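**Q** Once you've had a glance at the structure underneath, I'll fire off some questions.
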Amino acid sequence: MDIKQALKKLVASIDLSTEEMISVMRIVMTGGATPAQIGGFLVALRMKGETLDEITGAAMVMRELATPVNIDVDYLVDTCGTGGDGANLFNLSTASAFVVAAAGGRVAKHGNRSVSSSTGSADVLEAAGIKLDITAEQVARCVKEIGVGFMFAPSHHSAMKHAIGPRRELGMRTIFNMLGPLTNPANVKRQVIGVFNGELCKPMAEVLGRLGSEHVMVVHAKDGLDEISLATETQVAELKGGEIREYIIKPEDFGMQSKSLIGLSVSNAEDSLLLIRDALGNRRGQYAEKAADIIALNAGAAIYVSGVAGSLSDGVEMARDAIGSSLAGEKIRELAAFTQYLQ
């Protein structure tokens, strides 16, 4: 199937099969489509609504074309959101990664610069002095020696260069927001993934099951966050042992009070980093305690999924301990120093 045939089907609201999606994505990712065709394809796919088969096929192609990172460690996990929730919260999944590492987990963090929000994970890490342009082998060293390593998406998904222009010009979430968490170059089998729509929780878990994941939590909060929220209930689809369980969690389940998200939005990477450092440090700012609580909820989920904690409640408690001891904040400085040392 060529991209023109795919566009005709999508405009007519006809779903593509996994095989058809694989064919079209190979064209897109190998330079066989024009920017106009790529933009039209992404918009038509979004307007129709992406199906399980379409997401799976696209993820398979991106994995096939990725530059892999080989990391042989226990308790390896990724924390990643799809973005596109419009909340412009500080980089919560990035902050959570350092807490997980401080609690004994290992994080192979996959991310990029901002596309649809005020700041992406790469932006805030760069602001912290963490070197992004490192090899796959150096990423593996970071994970093994510091407990957390960052895989800058353009370095591992070079085929994405063909879609970068159309994505930026569209300025809205597309299927590529979903593909980021599904295409971790370290082939991580354990993940906490936030999605921009609650209807995606179970399908994303199902796609990851098809792709070989072992333990995954896919989350979406009722206030629209692609994270576990401190303000309201959060919908969860948990893949474990080949089965998917759906349930609802809320801050009170973990001994926390629900709090509004006022003060947790940022306009740039520097503001995001300041709030993260305050939350993981002395917590002197007006919103630092609130930020620390929401980080603990999300990091706790990753600690649980990694296998370090036996339950979600235990994971949240371990996250709070790691934050309170300032070990998590120290991990940011350790990773910055280590990456600058790498040659």
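Residue 1 is the first one shown; counting continues down the chain.
Here the Cβ of each residue, glycine as well, is placed from N, Cα and C on the backbone.
Annotation comment: Swiss-Prot describes GLY81, ASN112 as anthranilate 1 binding site. Per Swiss-Prot, 5-phospho-alpha-D-ribose 1-diphosphate binding site is recorded for GLY81, 84-85, 91-94, 109-117, SER121, and the stated evidence type is sequence analysis. Summarising the annotation, Swiss-Prot assigns Mg(2+) 1 binding site to SER93, GLU227. Residues or ranges marked as anthranilate 2 binding site in Swiss-Prot (evidence: sequence analysis): ARG167. Among the features that Swiss-Prot reports, Mg(2+) 2 binding site is placed at ASP226, GLU227, with the record citing sequence analysis.
For each feature listed, report its degree of burial, its nearest neighbours and the pertinent distances within the displayed model.
**A** For GLY81 (anthranilate 1 binding site), the same-chain residues lying six or more positions away in sequence with a CB closer than 8 A to its CB are LEU92, SER93, PRO181, ILE193, GLY194, VAL195, ASP226, GLU227.
For GLY111 (5-phospho-alpha-D-ribose 1-diphosphate binding site), the number of other Cβ atoms no farther than 10 Å from its own Cβ, over all displayed protein chains, is 27.
Of all Cβ atoms in the protein chains displayed, 28 besides its own lie within 10 Å of the Cβ of GLU227 (Mg(2+) 1 binding site). When secondary structure is read from DSSP and collapsed to three states, GLU227 (Mg(2+) 1 binding site) falls in the coil class.
Around the Cβ of ASP226 (Mg(2+) 2 binding site), a 10 Å sphere holds 30 further Cβ atoms from the protein chains shown.
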**Q** Looking only at ASN91, SER93, THR94, ASN112, the binding-site residues on record, which one has the least crowded Cβ, with the fewest other Cβ atoms within 10 Å?
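**A** Counting other Cβ atoms within 10 Å of each of the binding-site residues ASN91, SER93, THR94, ASN112, the minimum falls on ASN112.
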**Q** Under a three-state reduction of DSSP output, how is GLY111 (5-phospho-alpha-D-ribose 1-diphosphate binding site) classified: helix, strand, or coil?
**A** strand
**Q** Please report the Cα separation of ASN112 (anthranilate 1 binding site) and ARG167 (anthranilate 2 binding site) in Å, rounded to an integer.
**A** 13
